[in-house]
Each structure stands twice: as structure tokens, then as C-alpha cells.
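Asks: First, the structure itself, so that you have it in front of you.
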Amino acid sequence: MLQMPSKQPISAGIVVVAAGRGERAGSSTEGPKQYRMIGGKPVIVHTLENFMTWEAAKQIVVVIHPDDEALFAKASRHIISETPIETVHGGATRQESVLAGLRYLKDKHVSHVLIHDAVRPFFDHVLLDRIAERLGNGAPAVLPAMPVTDTLKRADSAGTISATVSREHLYAAQTPQSFVFETILDAHEKAAASGRSDFTDDASIAEWSGIPVTVVEGTPDNVKLTLRSDIAMADDKLSAPMLPDVRTGNGYDVHQLEPGDGVTLCGVFIPHDQRLKGHSDADVALHALTDALLATCGAGDIGDHFPPSDPQWKGAASKIFIEHAARIVRERGGTIMNADVSLIAEAPKVGPHREAMRARLSEYLGIDIERCSVKATTNEKIGFVGRREGIAAIATATVVYRWRKR
């Protein structure tokens, strides 16, 4: 699994808590609120789809009410997931339900666990990656939260305001609340053994057990659907017209030439009396296009993800880099619409290999070949390119991201 170099990879188990009855949301023929339809799909399906497509997720366990097996089966019947999804029955309280999910994961060999409310469908991979980075850097517990912005009042039993509470250092907790797996399992087991059943979230159990909890920035949209009006607003949000967010990213790269037997450009090997010098396979075209894709979502550059100082990338095929960038784009809601590469070289001739290069780009990016362009020009014997000392590439990627009217 590829990770940013600043963090250790995690193997995450996901506990989705879906055993509640949701009485405040009112009764419905669709069942509890996690099975209500928003944007044409049940709430719980939106939640699961976000986790299913997250690279670090290794096992998902959904904790459901014993009476909801048919509801869950109906809701999930169209789900196709490479990440295993299983269900277990929950208990009388959220705390008991979470413990049931944790016990299921005990023999699944996960390093960490993310515990999430099924009725919080509006989180994204940016938040998950933020949490994973803290966990990978050694935090035993990570809580996404938003600073409290409303003015807080304290009232007496008669409903009269008695004080204004300072908002300083106050946060509204969200999920997924995330932990080193064995640590939070042990804390939950100890809480159950001691008869404590009044914890309202998992971070509270961690605090009680003496586990330090690190706060990371949550997302404003990551709200819990509690009332009937929440579900109606969520449906409106997902059903609103989709507006395109078209972004263009540019990338540039250059590699020196040295004596050799050929160069690799756009994943195609071209016999030549020189080769490109570099830490990886030095595919200057794919390196430029990787940067262009990352630029469309502010995800840094190729050196951030694959530093040349890291020996694991020595001689690596640049296919790894471009497919990684394309995956990041898709995880962040992007659709790659076009990829254009311009090669600047005196030799070798690109024309005879252009269609093979376009086919490789189509394969790596998962888009139609008509959306892939490869062009070449000389530098009119000017500069380092003109002296056949190197090859340069300029790439442009067009990606459509989507956002919704509120």
C-alpha cells in the first residue's frame, strides 16, 4: 500500500455502528434512519461506499440490530466491494455495539480501527487520510472535531439562562474516531468489565482509560443525521443539480540523456543509442503527467509521494506513479477528462510510437484513448535539448470534480 513518506502505512478495520433505532427521526416504512433513502440510496450505503474505496480499509464490519438483517440485505444488495464487509449484531447500547464490532475484528490482523456512525454519510477520503497520517505517525487515538462556533449558554431547571460558556478550546466531536486496535479493544473490555455503560463515544472511553486523544480538523459536512429534517436536507443536498468543477493541472519534467540502449516514454520502450538518467525508469512523460494530475487537487508533486532519496523507487516503473496519481484524483471525486503530453526532443522520433503511447496512457488512466494526446517537437538544435543532452516533457491534465448546490 502506498502512503505519503511522512507516515507509516496502516491496516485499518472499520466498525460502522448501525444498530440504533433512530426514534428522533420519526417512524418510516423504510425503517431506522440509517436505511432511509437520500439521493436515491440508503444512508448506510453512502457511508459504506466512502469506506469501500479507501485504500487503507482492510475489513469493514457493520453492527446492525438483530431485527434489521432484511433491511441491511436489501440496502446492500447492489454493493460491489473489494474490501470485505460483514455484519454482526449490536447490543442494547452504542457502547455494547461497538464492542461487538471490535471483537469481530480481533482475528482480522488490523493495526488500527476507525469507528464511525452509519448516519454520518458526508465524510470524505481527505478526512480519512488526515486521520491515517496521525495514526501512522504514532498517535494512539485520533478524534476528528470542529471548533465550536455558536455562543453557548447554560440554563437552570426553569429554562432561564444562568451563564454564557466560553467557546475557547471547545470542540464538537465527530466520527470516525480512530485508534490503535488492541488499545481501544482493551479499553472497551475494561469498561464493560467494570460495569461502565454511560460513555457516549469511543474517545470518552479512551480518555477514561488514560489513552491520549489527538484532535484533527473534521469537516463541516460530517454531521450526524438525527432528525427527520436532517434526512430531508441530506436528500435535498444529494438530489440537487450537479455542477461541474473543471480543473486543469500542468506538469513539467526533464531528464538527462546518457549512453544506453533506449528510452521509455509514456510507458513505451523505444530503442535508441542513449537512455534517460534517473532514479526510477526516468519516464519523463509520465513524470510530467503525474504532476499535472496531482495539481488538479492540490496533492503536491511526484517528489512528495515518491522521493528520489527513497531506495524502494530505484528503477521503478513510472506506471506506479501515474496510477497512484489517478487513484488520488478519483478518491477526491475527480473524473479524468483529458491527458495531453508534449515531448521536446531531438531524438528518438516519437511519431512511429505515438499510438502505442496513447494506448498506454489510456490503460494507466482508465480513460478512452480519444482523451489521450501525445505530441512531439524538436528544440531546433537550441539548448540542452538541441544538443541531445536531455529530453523534456510538458503535460496538461483536465479533471472534472463535482460539487452540489446547497
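Any Cβ shown, glycine's included, is placed from N, Cα and C.
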Asks: ASP253, HIS255 show up in Swiss-Prot as binding divalent metal cation; which entry in HIS272, HIS279, HIS287 does that record put in the same site?
Replies: HIS287
Asks: Over all shown protein chains, what is the count of other CB atoms within 10 A of the CB belonging to HIS255 (4-CDP-2-C-methyl-D-erythritol 2-phosphate binding site)?
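Replies: That number is 20.
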Asks: Could you tally the C-beta atoms, other than its own, that fall within 10 angstroms of the C-beta of ILE302 (4-CDP-2-C-methyl-D-erythritol 2-phosphate binding site)?
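Replies: Other Cβ atoms within 10 Å of ILE302 (4-CDP-2-C-methyl-D-erythritol 2-phosphate binding site): 25.
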Asks: List the same-chain residues at least 6 positions away in sequence whose Cβ sits under 8 Å from the Cβ of ASP253 (4-CDP-2-C-methyl-D-erythritol 2-phosphate binding site), in sequence order, or say none.
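Replies: For ASP253 (4-CDP-2-C-methyl-D-erythritol 2-phosphate binding site), the qualifying residues are VAL284, ALA285, HIS287, ALA288, ASP291, ALA392, ALA393.
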Asks: Could you measure between THR377 (4-CDP-2-C-methyl-D-erythritol 2-phosphate binding site) and LYS33 (site 'Transition state stabilizer') for me? Cα positions, answer in whole angstrom.
Replies: 60
Asks: Identify all same-chain residues not among ASP253, HIS255, HIS287 whose C-beta atom falls within 8 angstroms of the centroid of the divalent metal cation site's C-beta atoms; report them in sequence order.
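Replies: Not counting the recorded site residues, we get VAL254, LEU276, GLY278, ALA282, ASP283, VAL284, ALA285, LEU286, ALA288, ALA392, ALA393.
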Asks: Would you mind listing, in sequence order, the residues at least six apart from ASN379 (4-CDP-2-C-methyl-D-erythritol 2-phosphate binding site) in the same chain with a Cβ closer than 8 Å to its Cβ?
Replies: ILE344, ALA345, GLU346, VAL385, GLY386
